[in-house]
Amino acid sequence: MNKFLKLVNFEMNRFKKIYIVLLLITVIFQFVGVFVISLSFMNDSKRIMHDESLSVVQYVHQYGLFDFTHILRSLWFFAPIGIGVTAILFYIFFIWYRDWFGKNTFIYRLLMLPTSRLNIILSKGLTILIFVLGLIAFQLILLPIENAMVNWLVSNEFLNRMNVQEILGSSFELSLLIPGSFIEFILYYATGLMAVFVIFTGILFERSYRIKGIIFGVLYAIAASIVFFSPFLVEMILQKDYLYGIEKLLLSIVMGIIVFIGSLLVSNFLLKKKVSV
């Protein structure tokens, strides 16, 4: 366990600087966005009221109230999230290929460590999960602060106040990243972790067999997808509903566990027997 935790800590330290930059980008973009959008609304509302000789009540009746969804619909809010998601997706590949193509071919030393090859695979997967959950937790910390900023910047007569739960429920994209229930959260991110290990397996196929490995990796990803979605695919092909919703969910969980364990076993085999450095 100690060796495994050292591997996780090592992987996290290698991405630490970029990760801190991602957090800073998120803070700067979203805080600036809150100020720009809120103050622009106040300036525009005052200008419109002056130009059209409207009272506050008339303005609100005609143009509506301001709420946090104005922030959510802006690039100021979602651009840093998109950058973070892109960076994590890139890092899923980079966390392996860096070991082969860095200044010093680190994979030589990594494979010589007195630890199970499975620990190497799991440490990289856990590192990705920690980084993703860290970004989610950071966003949850920022949301109430940004909401308080909106409540401070926009006058009460123009403002429709929202709490954090209402903010999360008002955006489809945000509800995908931060589901409304704990069970949904576990299911979403467990599925994501399964997908990460499927990608890891594809990468190790490529590293093991080079050009042919790319084909093997793609075929493996397709096979894993078919297995995972099989409860739904069978009904689509037969054009008949044989299962209740809860039964489909339970079968999908079982299929996901099979894909997850299968990916670990195949990856471990490739890293032990087939991967060349």
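Going from the start of the chain as shown, residues are counted 1 onward.
Cβ atoms are placed via backbone N, Cα and C, with glycine included.
Now, the feature entries from TrEMBL:
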{"type": "TRANSMEM", "residues": "20-42", "note": "transmembrane segment"}
{"type": "TRANSMEM", "residues": "75-97", "note": "transmembrane segment"}
{"type": "TRANSMEM", "residues": "118-142", "note": "transmembrane segment"}
{"type": "TRANSMEM", "residues": "186-205", "note": "transmembrane segment"}
{"type": "TRANSMEM", "residues": "217-238", "note": "transmembrane segment"}
{"type": "TRANSMEM", "residues": "250-271", "note": "transmembrane segment"}
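Listed as Cβ neighbours of the transmembrane segment (250-271) (distance under 8 Å, sequence separation of 6 or more from its ends, same chain) are residues 111, 117-118, 120-122, 187, 190-191, 193-194, 197-198, 200-201, 204-205, 207-208, 220, 224, 227-232, 243. Spatially, the transmembrane segment (118-142) is not adjacent to the transmembrane segment (217-238); fewer than three Cβ-Cβ distances between them are under 8 Å for residues at least 6 apart in sequence. The largest share of C-beta pairs under 8 angstroms with the transmembrane segment (186-205) comes from 217-238, of the ranges 20-42, 75-97, 217-238.
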